[in-house]
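> Sending over a structure as structure tokens; questions will come in a sec.
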Amino acid sequence: MISTVKRIYLSDRLPIYVITVGAFLRIYQYLYCKSLWIDEAALALNIINRPFSGLIEHLDYNQYAPLGFLFVEKAITLVFGNSEYSLRLFPLICGLISLPLFYSLSKKVLKKESVPVALIIFITTWSLLYYSVEAKQYACDVMATMLLYLALLYAEKKEYDLKTSLVLALLGSIMIWFSHPLIFVMAGAGTTLIIFSIWEREWKKLYAVIPILLFWLLSFAADYFSFSTVKNEMDKKWLFGYWSIHFAPFPITSASDLMWYYEHFVSIFKNKLMLGMYPLSGFWIVFFLIGTFSLFHRNKKLILFMIMPFFFTLAASALKLYPFYERLLLFLIPIPILLISEGIVETLKRCAKSRVATAIMALLLVTLLICSFVKKGNYLFIPIQREEIRPVLNYMKAHWEPGDVIYTYHGAIHQFLYYAPRYGFDDEPVYSDSLIRKNPYIYSFELNRIRGEKRVWVIFSHIYREETIEEMKRSYLDRLDKAGRRVDSFNSVASSVFLYDLSADK
């Protein structure tokens, strides 16, 4: 029985089955076609409403994305239209390509018995699944990271001969235009190669590596220049304001500064938009540390390849150049998955001599997997939903009458502008508000603009976490209830609409 299980586990077919399941999960979520949420809609409006040349300029709605990604998205929409399917096609392709790429990477980094564990964790990690079907660049970041790692490991094997060096230089120079954070992987790889070339006195390798790094640096400089020149002072203020708590404190001067590093390290394992291994994330961290030390003893250069990008990302965060949090770290997620898998298998090997220890370890692993996957939600069987504004607009369309007016909450305006032409609302009178981001929040809800209207549809979506439902009611619904009569309402996932008669005061 045990030998049969072991044979199946180590068979060459198992990874194919696992990759197939991973591809099915991504295609399934893609075909469900959830509504665009605020970030997707904001970027989509830039892609749809601008020519290629306009994408080089400053983007509206505080949006940032690599030029290569934007150009591919624009080309797809020109060929296939502006639907959600078109906008999410390239991220889906990146997510699907990432599956065999991760398998290839795990075979080169891990021992054979660790590969299935790594692959199973990779295909079921919620963030990797979710961003494979979101019209943003984060799935492309993951794919670019693994492509570069595979190219580096291949170049190591070929000892950086001329042909391999040219391919590596060209690949990195192109991919940096598709993934901004790839520079941290490049910096980590370059530092590792220089350190080991000098330490091992491999001068020939050093002379081969330096031109590659210079080629990457020139391409990054051009990309960074094109990106930085379109940012204005308002962008910088927004960036520092929105992400301020996720810039690493440096120098470290207090216990709270140290706590920042601890909390952000733990969040990599705990946060749903990263590894999402919650609850019991502490056990996964232990496996990560065991895997790190195991790989360190086995291949010091390889472990340095893996962990150096984290330090460069932290350094950029300390310089207030790159926030160290959530989706912006998605490009690094394959690395802890590899090290966790190494740690799990290494621990099982150490426990193999004792049946009791093996049984306890197996029970712990099953518990961890069940807790992690159940806590993430039943996304294996239920479509992911975030801000479902389409049902709201469908309801409005079905109950629309001539003369109706639309008023959108500030968090719903981008989604509304994207969907308005589809529902014929682009020619209707539309009002919106703005949010002054201070503490406490101050709203500019201009009730006088819609006072006297017989039928006003008030749309809500993307209510910020800091804004409680009660605060929203005080700011909007209570004032509307006092100014008029609530006629109808409809609720969807994180989106809703209310119909008011404001033709006369109560």
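Glycine is no exception: its Cβ is also placed from the backbone N, Cα and C atoms.
Copied straight from TrEMBL:
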type	residues	note
DOMAIN	66-221	domain 'Glycosyltransferase RgtA/B/C/D-like'
TRANSMEM	85-103	transmembrane segment
TRANSMEM	115-132	transmembrane segment
TRANSMEM	138-155	transmembrane segment
TRANSMEM	167-199	transmembrane segment
TRANSMEM	205-227	transmembrane segment
TRANSMEM	239-262	transmembrane segment
TRANSMEM	274-296	transmembrane segment
TRANSMEM	303-322	transmembrane segment
TRANSMEM	328-345	transmembrane segment
TRANSMEM	357-375	transmembrane segment
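Mind running through what each feature is packed against?
Residues 66, 69, 90-92, 94-95, 97-98, 101-102, 104-105, 108-109, 128, 131-132, 164-165, 167-168, 171-172, 175, 178-182, 185-186, 189, 305, 327, 330-334 of the same chain lie 6+ residues outside the transmembrane segment (138-155) yet bring a C-beta within less than 8 angstroms of a C-beta in it.
Sequence-distant contacts of the transmembrane segment (205-227) (same chain, at least 6 residues past either end, Cβ-Cβ under 8 Å): 56, 64, 66-67, 159-160, 165, 168-170, 172-174, 176-177, 180, 183, 186, 190, 193-194, 197-198.
Within its own chain, the transmembrane segment (328-345) has Cβ neighbours under 8 Å at 102, 105-106, 109-111, 113-115, 117-118, 121-122, 125, 127-128, 131, 138-139, 141-142, 144-146, 179, 181-182, 184-185, 268-269, 273-275, 284, 286-292, 294-295, 306-307, 309-310, 313, 322, 365, counting only residues six or more beyond its boundaries.
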> Using Cβ atoms only, state whether the transmembrane segment (274-296) and the transmembrane segment (167-199) have three or more pairs under 8 Å that are 6 or more apart in sequence.
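Counting Cβ pairs under 8 Å, fewer than 3, so no.
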